[in-house]
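So that you can see what the record holds, here are the features copied from TrEMBL:
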{"type": "BINDING", "residues": "16, 18, 212", "note": "Mg(2+) binding site"}
{"type": "BINDING", "residues": "153, 154, 187", "note": "substrate binding site"}
């Protein structure tokens, strides 16, 4: 793929995580299975805590909104006390979480619970965020050249900070100037990129967005944001049209900044 010159007007680089800074396998084979395998144990251990109850409340509200969907799993209120009643409600929450995850839902309620579970796993060393080896050296170089660097992921901002704060490269949060998640808007809608530009105080064409997903790249382009599609091991393949249309990189080291000499 060679060297990709970064347009001179670019002042900020916006990074996707899954398939871009981090192997898809880490998310699919480590993070998500951890939730599925441990959600019941986590709920039992933290049920009485305020944070856990807020998480369950959000999931219950989401379940009500989803009630018309095929296969939706309701979460009842506790109608009494006792171990059997508690187990009934916890099992409903577990079943709801598993159902949402089976559909790859991106609801705030699900993401919030996942974020809190991952926080506990990272803090105890059960999980470390996996980062491609070219990422940290490249970002340091970009920052030395005066670039701002931001993250935009469908994972919650808290989950993003955990991944980079407890990573295989150590705590690398200092490398990022800010984080965005889907609260600013879906990654496949062009308006989201306009909001991000406004939030960081620049024009959309001052941003270069790196992602592995053509639909996201297309949305960013519609907002007049510069785009490069990242080819990594395990990423979904691109069509011939996509390969010929988009600027492609297989490593962050392939980006050449105008100020780099």
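Even glycines carry a Cβ here, placed using N, Cα and C.
All TrEMBL annotations are machine predictions without curation.
Shown here: features listed in TrEMBL, placed on the structure.
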residue	record	Cβ within 10 Å
16	Mg(2+) binding site	22
18	Mg(2+) binding site	23
153	substrate binding site	23
154	substrate binding site	19
187	substrate binding site	23
212	Mg(2+) binding site	20
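Overall, the recorded substrate-binding residues 153, 154, 187 cover a maximum inter-Cα distance of 8 Å.
A Cα-Cα distance of 12 Å separates residue 212 (Mg(2+) binding site) from residue 153 (substrate binding site).
Taking the mean position of the Cβ atoms of 16, 18, 212 as the Mg(2+) site, the remaining residues of that chain whose Cβ falls within 8 Å of it are 17, 19, 20, 21, 22, 24, 153, 211, 213, 216, 230, 235. For the pair residue 18 (Mg(2+) binding site) and residue 187 (substrate binding site), the Cα-Cα distance reads 13 Å. Separation of the C-alpha atoms of residue 187 (substrate binding site) and residue 16 (Mg(2+) binding site): 10 Å, rounded to the nearest whole number. Annotated substrate site 153, 154, 187; additional same-chain residues within 8 Å of its Cβ mean position, judged by their own Cβ, are 16, 17, 18, 106, 152, 155, 181, 182, 216. Cα-Cα distance from residue 154 (substrate binding site) to residue 16 (Mg(2+) binding site): 9 Å (rounded to the nearest whole number).
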